[in-house]
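These come from TrEMBL:
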type: REGION; residues: 1-56; note: region 'Disordered'
type: COMPBIAS; residues: 22-40; note: compositional bias 'Basic and acidic residues'
type: ACT_SITE; residues: Asp117; note: active site, nucleophile
type: BINDING; residues: Tyr172; note: substrate binding site
type: DOMAIN; residues: 210-312; note: domain 'Pseudouridine synthase I TruA alpha/beta'
type: REGION; residues: 381-401; note: region 'Disordered'
Amino acid sequence: MAQDLRAAVGSQAKRLSGSSEAVERPEENGHHNKRLKGDTGEEDAEDQNKKSPKRKIVLLMAYSGKGYHGMQRNMGSSQFKTIEDDLVSALVQSGCIPENHGEDMKKMSFQRCARTDKGVSAAGQIVSLKVRLIDDILEKINNHLPSHIRILGLKRVTGGFNSKNKCDARTYSYMLPTFAFAHKDHDVQEDVYRLDRETLDKVNKLLACYKGTHNFHNFTSQKGPRDPSARRYIMEMYCGEPFVRENMEFAVIKVKGQSFMMHQIRKMIGLVIAIVKGYAGESIMERSWGEEKVDVPKAPGLGLVLERVHFEKYNRRFGNDGLHEPLEWTEEEEKIAVFKEQYIYPTIINTEREEKSMVNWLNTLPIHDFNSSVVGVHANHKNSKNSSDLEGSDGCADDSD
């Protein structure tokens with residue numbers, strides 16, 4: 001009987017022990033873990049980011065390019081800061097990409113639509129990449145960016161999307177003081193000059209001549225007249241109505257083309273200014289599209305802005321497939337306009353007033369020989385290089401990486 005009693009007590013103790021373990025185990029796996037989560041919120045947020053699905057997206061970017069050596073990142077060179085340096089840093093800090101993707105951008109399939117160069121701004125740059133779709137993604141990225149760089153929009157795209165290769169056309173604007181169009185024989189005061197209707201009409205008549213397909217080998221470097229890639233298609237080019245900012249009158253030239261070569265837009269505008277001012281005859285435009293080497297002046301980089309990139313073929317094929325949105329930014333237009341008014345236009349106006357890049361460049365026009373072919377062209381370029389390169393180049397080499 002004593003043996004039976006000992007067996008009963010042992011059995012009861014075992015049941016109590018098992019019950020105790022069952023009670024403790026939920027506590028270990030439940031309440032105790034919750035306390036750990038409270039202590040390590042940042043680690044949990046990081047873990048949550050890692051669990052977020054990776055998807056191919058495009059980001060709509062706006063930035064003021066002053067103080068940067070262009071858009072494209074120069075890996076291994078910290079001397080020249082670029083827009084992408086700040087962007088990649090923000091992507092890593094916000095948890096959108098792992099740190100090793102920031103060091104090797106190919107790992108996130110990163111591609112910019114256009115390479116804007118030193119000092120050039122953008123109101124509608126597009127980059128494509130793979131990211132973790134974390135909560136409040138735009139807010140978190142922007143929290144780690146300076147105020148003069150903003151991500152204004154995001155859209156999902158197909159897995160094989162490449163923002164550079166899928167782009168049909170690009171629209172650039174060029175903001176300049178209207179005294180640039182004053183005839184060379186007229187003595188004008190910069191703040192007082194106002195563009196008259198006759199001169200504006202002449203400017204637009206000349207700009208319209210660029211429409212269509214032409215050989216632009218004279219509007220870039222390192223391309224010969226028989227290089228097929230020098231032929232470019234321009235869809236539209238015009239100068240808008242002038243407006244006054246801080247007592248100085250400005251105007252904005254818009255140009256839309258399939259793609260542009262390095263310096264092409266600045267040289268297109270520079271040649272029109274030279275004609276309107278009376279330094280060159282209108283016939284030079286036809287000559288510049290021929291095989292002859294023509295001395296084409298390059299307007300300053302200040303004022304050049306990447307306005308918009310176009311994906312018309314992609315939109316027709318995927319924009320209404322039920323899975324993807326068309327790459328149009330109608331809802332973001334107000335934010336784009338506000339950004340330009342806050343950061344891009346004031347930078348152009350203030351820099352022009354302080355550094356007088358247009359005034360200095362206009363003073364180099366008399367040394368160009370618009371009647372020469374090859375002889376004397378290189379010497380003239382060397383003489384005018386310092387003033388015309390102060391603000392950097394177009395960064396319009398969209399398809400010649």
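Here the Cβ of each residue, glycine as well, is placed from N, Cα and C on the backbone.
In this structure, the C-alpha atom of Asp117 (active site, nucleophile) lies 13 angstrom from that of Tyr172 (substrate binding site). Residue density at Tyr172 (substrate binding site): 26 other Cβ atoms are found within 10 A of its Cβ, drawing on all protein chains shown. Secondary structure of the domain 'Pseudouridine synthase I TruA alpha/beta' (210-312), assigned with DSSP and counted as helix (H, G, I), strand (E, B) and coil, comes to 25 helix, 34 strand, 44 coil.
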